[in-house]
Amino acid sequence: MFLYVATSIPFFIDIRSIPRSNTCGMTYSAPIYKSLPFHAVDPSMAHTYAKYTFAQLFMDGADKRNDSQPLSGVPVLFVPGHLGSYKQARSLGQHLADLHADIDLFLLDFNEEATGMAGQFVLEQGFFLNEAIKEILAMYTSLPADRRPSSVVVIGHSMGGIVTRTALTLPNYNPQSILTIVTLSTPHVAPPFNLDAAMTAVYATVNSLRQPPPPSCTNATSPSCGHQDDVVIVSLAGGLKDFVVHSSLASIAHVVPPSNGFAALTSLLPAVKSSMDHLCILWCHEFMRVLSTALVRLVDPVTHQLRTSPSDRVVVLHDALLGPDGDVWDHHLHVSRGFTTDEVAQTGGVLSFELPLYIFRTQYLVPFPLLALVALAMLATQVEWWQLDRPDTIPTFLALLAPSVHWSALVNHSLRQAHLGHQSRGIQMAGVGTAAVALVATLYALDQLYSAYIVLLCYLYLLGFLHVVTFALTAFVRMMPSRVTISSPRLLTLLTSRLALAGFGAAVVASGHVFFRAGVHPTRELALVVLACLAIHVLLVLSALVAPTSSRSVQHVTYQRTLFAFYFGVSPCWIGDLVYFADVVQFPRSLDLSFVLHVLRSLALLLPCVTHVYLSRQWMFPLPPDAVFARLQGGVRQRPTTSGSTSTQIVLAPDQCTECFVEDGGVGAVFEAVDTVDTIHLSDDVVVGPTFRVVSCDCGLRNLPSRDFCLFCKRLCSTCGGGEGARREAHAFRDYMNNVQDQVVAHQGIPLFLWIVLVVGFGLVAQTPHVLLYVGTAVGAIFSLYHTGLRGPLDTVKTTGASSSTPWMEDTRK
């Protein structure tokens, strides 16, 4: 919590101190947009033509709007980004018009789509971009061959730059049709939203273009072959004021060699010298003037066409943007950092360290996977405690948050698996230390120490945040009247009713048709089924937080709170599918194998999670076999190390045991004289206190029922094994456990599988965060099997409401 407070306060002070106003001059324009038709449509991608359009931009007074006048300039295409509009290019168009540039400016309209959330949108927009370029180049067919352009200069803002680079990898890309790309505040290094599997695949593809062509590459015109060497890419970023895309993500050194492009911050451009936010970079007068001048210089004054040599284009852009003396390597270093020293000085200085400033603005999604993995450790710990601990050991949410609790369970479990559980403390610590050294050595060998350090800081920050939230919610709950009920039994019954949940899903499907005023279409119905399942999952997960079912202890409530934390951490991984299938409802796709597989994949990943939450609303963890035996005997469950455990060896006789002391026995009891610290000899004949103790008795040989045994025969002792009743129960316990050995192994395997998923998942999520979605499915499947396959007749359903007086997350015990 201290780390959270110590870093959050300076960071928010820094954020507040960064000026929101931009020092750029405003660009005024009078744009005119002319929609352009498509003459050829791909039936398999008909939905893209329905939701996307492209147009040509004119300024008021331009003389090129006459349809009978053929185009003769250099085509330039503007590609908007996430939630961006084609109208954002009006400032660039005005500056080009002021320069009387022989440039024809075209615009793509992506209907302000959430490009950054779903990789499917990037692929569809990339396809449409290639089709638009074909239409644009077809407009120049009336020109002589030597004046006819063969490529288009693309200006991409934000995710529009990734869409453009993706277009180069698609099958409908016309080789050599895109040779110059200028991106504005584009996250080239990694997606700002990296929890979507399709988006991760897109970035893996576009960032591998500069790798050597594969041996199977035999066609020089193939998009995967060497024609990419002719493409020039220039990446420009706004710097410190860009809160949407950290400028360090605009680096292109990993994909573009210096001979084919460079990256720079606007604050270091000699003619601009100003940091700007994510949208200001589209209208800043000083920057637009420099950019439009650079585009004009790309036109060869002799041929009036785009310069053909990649090196010439790089030199022209370098001199126009960075100046003749600009150092590309120096610009690269500043872009990698994300801001310049002068930018920080203009804010009055950064109070926090540079590392927290970097983490908060680039790793803001990391807490979600960490929350899910920490919650998974807490769930595994609860299962371990449920199976091994005494019934009075009740882990609360706040207690489980402590690293010494949820990680110590993993350490203890690992020690038991390594057969070190019964070793001395020194040997155990040596084993833990050896494992830690091996982990650090592995991270060092993989060059991942710094990344692990970042993750560790985010983990500690997350724990502090969760403690703050927990204390705040606990204080709020305690202020509520004790008679106030958070949830009614009727509501809880509805939430656990399959019919009610099915009705809720049907309502979601019906509302989709009503909201979009859409008819019946196969892909629309499949998309609505996925959305309905998502809605049911969200409803059940939220109900686990605000309306948990209570049991005889707070363990069930804590289980559901932890479950909510886990699935809340996984939830961002579903945003990509959510926005994509919502778009499918509005714009149905063609029913092909790839779409059906996408639907089946989504349902296969979602249904185990829905099942898990649904079952957790009704049942606590299944009782392990030893607890079932205790219930059947009418007692309570004891630790496995007490009498009755097959692993415990009894070596002391009753007369040698110092733990149990019984003064009276049955009819056949044998006594021995004994003095204790409570025995007081007042004289030789007068003694106060214990003088005898029972050392043996024959109640078991008299055929008496166990309830009539004497205290000596009923005693329970973990040192000497207890009395005759304990020995009989131990024998019955051994027979029972041998008969249900398969259930014992199954119960013990649940926490083992959870720890394996946690460890393996942590390693995979650290490399590819979207794998968290599969971790959630694996956990849902394990718990669903746990609840259904191991639930017995003694596991009853509890659906009573939890009142505000029920301990929520606070550290209390009953």
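Just so you know, glycine gets a Cβ as well, placed from its N, Cα and C.
The structure displayed is predicted, hence computed values, not measured ones.
Per TrEMBL, the features are as follows:
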type     : residues : note
DOMAIN   : 71-297   : domain 'GPI inositol-deacylase PGAP1-like alpha/beta'
TRANSMEM : 364-382  : transmembrane segment
TRANSMEM : 394-415  : transmembrane segment
TRANSMEM : 427-446  : transmembrane segment
TRANSMEM : 452-477  : transmembrane segment
TRANSMEM : 498-520  : transmembrane segment
TRANSMEM : 526-550  : transmembrane segment
TRANSMEM : 562-581  : transmembrane segment
TRANSMEM : 593-615  : transmembrane segment
TRANSMEM : 744-765  : transmembrane segment
TRANSMEM : 771-788  : transmembrane segment
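Contact between the transmembrane segment (394-415) and the transmembrane segment (771-788) is not supported: fewer than 3 Cβ pairs lie under 8 Å, counting only residues 6 or more apart in sequence. For the transmembrane segment (562-581), the partner stretch with the highest count of Cβ pairs under 8 angstroms, out of 452-477, 498-520, 771-788, is 771-788. When Cβ-Cβ distances below 8 Å are used as the criterion, the transmembrane segment (427-446) is approached by residues 411, 414-415, 418, 420, 452 of the same chain, each at least six residues removed from its ends. Counting Cβ pairs under 8 Å to the transmembrane segment (771-788), the top-ranked stretch among 452-477, 593-615, 744-765 is 593-615. Here the transmembrane segment (744-765) sits apart from the transmembrane segment (452-477); fewer than 3 CB pairs are under 8 Å, leaving out pairs fewer than 6 apart in sequence. Same-chain residues lying 6+ beyond the ends of the transmembrane segment (498-520) with a Cβ under 8 Å from its Cβ atoms: 528-529, 531-533, 535-536, 539-540, 585-586, 588, 614.
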